[in-house]
Amino acid sequence: MASYEYVSPEQLAGFDKYKYSAVDTNPLSLYVMHPFWNTVVKVFPTWLAPNLITFSGFLLVVFNFLLLAYFDPDFYASAPGHKHVPDWVWIVVGILNFMAYTLDGVDGKQARRTNSSTPLGELFDHGLDSWSCVYFVVTVYSIFGRGSSGVSVFVLYLLLWVVLFSFILSHWEKYNTGILFLPWGYDISQVTISFVYIVTAVVGVEAWYEPFLFNFLYRDLFTAMIIGCALCVTLPMSLLNFFRSYKNNTLKHNSVYEAVVPFFSPCLLFILSTAWILLSPSDILELHPRVFYLMVGTAFANSTCQLIVCQMSSTRCPTLNWLLLPLFAIVMVVNVGVTPYVESILLFALTAAFTLAHVHYGVRVVKQLSNHFHIYPFSLRKPNSD
């Protein structure tokens, strides 16, 4: 299992023919962030591998998640009457979040600057982005938390899924059209949230208790922005791009089944995880929300990575992710009835298993592609130059 090869020979052959194709129409990205990133990338030495920049940004996102997991383990820290997260933590999180966003923006520029662009770099970047979704959303949740001034853990669960499906829509587009249409919501959310973290340190979480407009609270604004961006921007633009490709007869998949198969595993994951929440005898989401979110986000990231491999190699996306089988078994066990202690053990064990499986998948895929393209993933040296 340690040397299992996830990327098939057919997919490796597809990577040899791959050409990067992306469209970015976001004014914030085009006129503000790209000029900024063009300046920042000049700071990096030319010997620094782009993948190392990508991985560093991901680690900053994970660090923010762990930092707030320490100061706000159960999402009550921002609620009235509870010990709040220290102001310095919000400043650190805000700075690191913007740094992670910046590193995500300059890694590709560093690759072009050093003439080291490869399909592995794109896969590595987007693969880590898919896993960052859950860390980012759950970290943001601590600003409002749960309680009278926040949103329930179930509402946040649904909002997490809105973000996850918004993310996979872009790669579903590319799977069908061959072009990656970069979503507007990403840049806007990263800049806004980085700013909100700093503002929270200055004004305190109590400022978010007050109505934003009439009886419309900031938590409601937070919810409305996520749902509104998905329904009014991300989804319509994705469907429009798909329809244009259909009219131009440039779709890569002719049947409806093949076009929508990338959604099968994520939808099944949503159904199974929601069923677990609703059937749980111990109200598992209320008991361990952070771990449950991580379990869902990791399984989602694994399915998304498999989709990205398929769309880059022009191969068929798998119908079912095998990681969903143990989740299905646990939902069946929970439906029969288990004690709260056993259910908690099952959740922690499944989350650990998903994390190990996903890390193994990532390491092996990077290893395979590195060997295939004769490169080091975190160095600009060539293996035959030793």
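Using N, Cα and C of the backbone, Cβ positions are placed for all residues, glycine too.
Positions annotated as transmembrane segment by TrEMBL: 47-68 (among others).
Residues 33-34, 36-37, 40-41, 44, 53-54, 56-58, 60-61, 63-64, 67-68, 71, 125, 129, 132, 136, 139, 190-191, 193-198, 200-201 of the same chain lie 6+ residues outside the transmembrane segment (88-106) yet bring a C-beta within less than 8 angstroms of a C-beta in it. Residues annotated as transmembrane segment in TrEMBL: 88-106 (among others).
Cβ atoms under 8 Å from those of the transmembrane segment (127-144) belong to residues 54-55, 57-58, 61-62, 64-65, 68, 71-72, 75, 77-78, 85, 93, 97, 100, 104, 150-151, 156, 159-160, 163-164, 167-168, 193, 196-197, 200, 205, 208, 218-219, 222, 290, 293-294, 296-298, 300-301, 304-305, 308, 358, 362, 365 of the same chain, restricted to positions at least 6 beyond its ends. The transmembrane segment annotation in TrEMBL covers 127-144 (among others).
Feature annotation from TrEMBL assigns transmembrane segment to 150-170 (among others). For the transmembrane segment (150-170), same-chain residues at least 6 beyond its ends with a Cβ under 8 Å from one of its own Cβ atoms are 75, 78-79, 129-130, 133-134, 136-138, 141, 144, 180-183, 185, 219, 222-223, 226-227, 229-230, 234-235, 238, 262-263, 266, 270, 277, 285-286, 289, 292-293, 296-297, 300, 304, 307.
Per TrEMBL, transmembrane segment is recorded for 221-243 (among others).
Sequence annotations record features per position, and here TrEMBL assigns transmembrane segment to 255-279 (among others). For the transmembrane segment (255-279), the residues of the chain that approach it from at least six positions outside its boundaries are 154, 157, 161, 164-165, 168, 171-172, 175-176, 285, 292, 295-296, 299-300, 303-304, 306-307, 310, 316-321, 324, 327-328, 330-331, 334-335, judged by C-beta separation under 8 angstroms.
Look at TrEMBL and you will find 291-310 (among others) tagged as transmembrane segment.
Marked as transmembrane segment by TrEMBL: 322-339 (among others).
As annotated by TrEMBL, transmembrane segment applies to 345-363 (among others).
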Next item on the list: May I ask for the residues of the chain that lie six or more residues beyond the transmembrane segment (47-68) and have a Cβ under 8 Å from a Cβ within it?
Entry: 85, 89, 92-93, 96-97, 99-104, 106-108, 110-111, 114, 116-117, 120-121, 124-125, 128, 131-132, 135-136, 138-139, 142, 376-380
